[in-house]
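Heads up, the thing below is written out as structure tokens.
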Amino acid sequence: MPSRYLNFRCSVPWLILLLETLFLIRFFFCFPGAGNIYSPSNFYPEFQDVNHMVIFGFGFFLMVLRRYGFSSTGFNFLLIVLGVQCCVVVEDLLIFLRVQQNEGGMKSLAKAVVSMTAVAISTGAVLGKANPVQLIVMSLVELIIFYVSRCINRTFLQVPDHLTLMHVHLFGAYFGVAVTSRFPEPPPGLDKNRGTPKSDLFSMLGTVFVWVFWPSFNSILADSKQEAVLNTYFTLAVSAVAAFMLSALTSKDGKFRMTHIHSAVLAGGVTISYTAHSIQHPWIAMILGLLGSVITVLGSHCLQRCFNPAFKLQDTSGVHFTFGLPAVLGAVAAVVLCVVEEGISTQWNNLSSLGYLIFIDIGAFCQTISTALITGLITGLILNIKLLKTVHVSKYFDDQFYWEVSFKSYQI
């Protein structure tokens, strides 16, 4: 193997140093009109929950590979702390360009951490295949494009700001799927792209942390925080119960499968993200939780057996059926609930207003998913240039390519 594949000393440290220098320059020379980052705010409790969820929860959630634990947690942490700083810079730039209003430091930081969920989800799709340089470049590009997508939804489609942020699951999943489609498939005999009881246990630990803090995630910017928290919890509870039920029903020997539990228990939180603040009846939230688990478990069977082989697509962590499909279901549910609520309130007399609301919801969904897919494909092509030190397929899914590890660390 050529030496350029085996050493990142001349690329990763200098890329990180360059980014940190740019961030320091920004904080030293503030954009005119940008807000004071130390302005008083009451967002710290929700910010703390979301911060735990993104760093600790997703860090362990991605530990699905037997020989990629160090990279899963370590690279996730690196991308989060770099990406949050990038988000703050982008937020200030948007304020400077008068595209966005000044909202204060802690709220801006909370939105930055929420936005990093898109990066964590996309990382799961290319897990084990992209090197640190590629992951950093992918994260920065994805964050900038996600903010542009949010601005389009907010400015042209008049979507509320907190709802544009809830498109993070949809954008992250399909951006990651598009990027991973541009990477070569691993050889058939490679067995490093599977888990062990140890990796499954750590991954389930991350799932539990994400599950616990998800109500704070869905309510952090919502006006009706209490409704958002309660609806999200009911949805998550039903999706968790349904995950165990569906796992036993769909497995050959009637036993629970950790891969089902690992994915389906989170489906409810994604499905209700668009409507958690507006649902007034808990039974609606519970139905969404049930449907989210169903689409995740059934989607995992269909995608892994039919869709992925046909398109030669390897979604390492299954983010398509864990986050992508429930996000699509949530977008459809938001349109249906909007039609029913608006129709009942106007007694179905104001069809023009109803059609406008449907157009906004469908337009925001189509714009988000199409932007994610198109820019993800372009980003995937960019990441495979020689300048970014593309890893050979024989080196996929292996910590020893990036970390100092001993063979014993891989034992069960």
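Every residue gets a Cβ built from N, Cα and C, even glycine.
Sequence annotations record features per position, and here TrEMBL assigns transmembrane segment to 12-38 (among others).
Under the heading domain 'Ammonium transporter AmtB-like', TrEMBL lists 42-387.
Look at TrEMBL and you will find 50-69 (among others) tagged as transmembrane segment.
Listed as Cβ neighbours of the transmembrane segment (75-97) (distance under 8 Å, sequence separation of 6 or more from its ends, same chain) are residues 16, 19-20, 22-23, 26, 30-35, 37, 54-55, 58-59, 62, 108-109, 111-113, 115-116, 119-120, 123, 132, 135-136, 139-140, 143-144, 147, 151. Annotation comment: TrEMBL describes 75-97 (among others) as transmembrane segment.
The transmembrane segment feature in TrEMBL is assigned to 133-152 (among others).
Marked as transmembrane segment by TrEMBL: 164-181 (among others).
Annotation source TrEMBL lists transmembrane segment at 201-221 (among others).
Taken from TrEMBL, the feature transmembrane segment covers 228-249 (among others).
Summarising the annotation, TrEMBL assigns transmembrane segment to 283-303 (among others). Within the same chain, residues 230-232, 234-240, 242-243, 246-247, 250, 259-260, 263-265, 267-268, 270-272, 275-276, 315, 318, 320-322, 325-326, 329-330, 333, 337 sit at least 6 positions outside the transmembrane segment (283-303) and bring their C-beta atoms closer than 8 Å to a C-beta of that stretch.
As annotated by TrEMBL, transmembrane segment applies to 323-344 (among others).
Marked as transmembrane segment by TrEMBL: 356-385 (among others).
With respect to Cβ pairs under 8 Å, the transmembrane segment (356-385) is most closely packed against 164-181, considering the stretches 50-69, 133-152, 164-181, 201-221. When each of 50-69, 201-221, 323-344 is scored by its Cβ pairs under 8 Å to the transmembrane segment (228-249), the top-ranked stretch turns out to be 201-221. In the predicted model, the domain 'Ammonium transporter AmtB-like' (42-387) has a mean pLDDT of 89. Long-range contacts of the transmembrane segment (50-69) within the same chain, counting only residues at least 6 positions beyond its ends with a Cβ under 8 Å from a Cβ of the stretch, are 76-77, 80, 110, 113-114, 116-117, 120-121, 123-124, 127-128, 192-196, 198-200, 202-203, 205-207, 209-210, 213-214, 216-217, 220, 262, 316-317, 397-400, 410.
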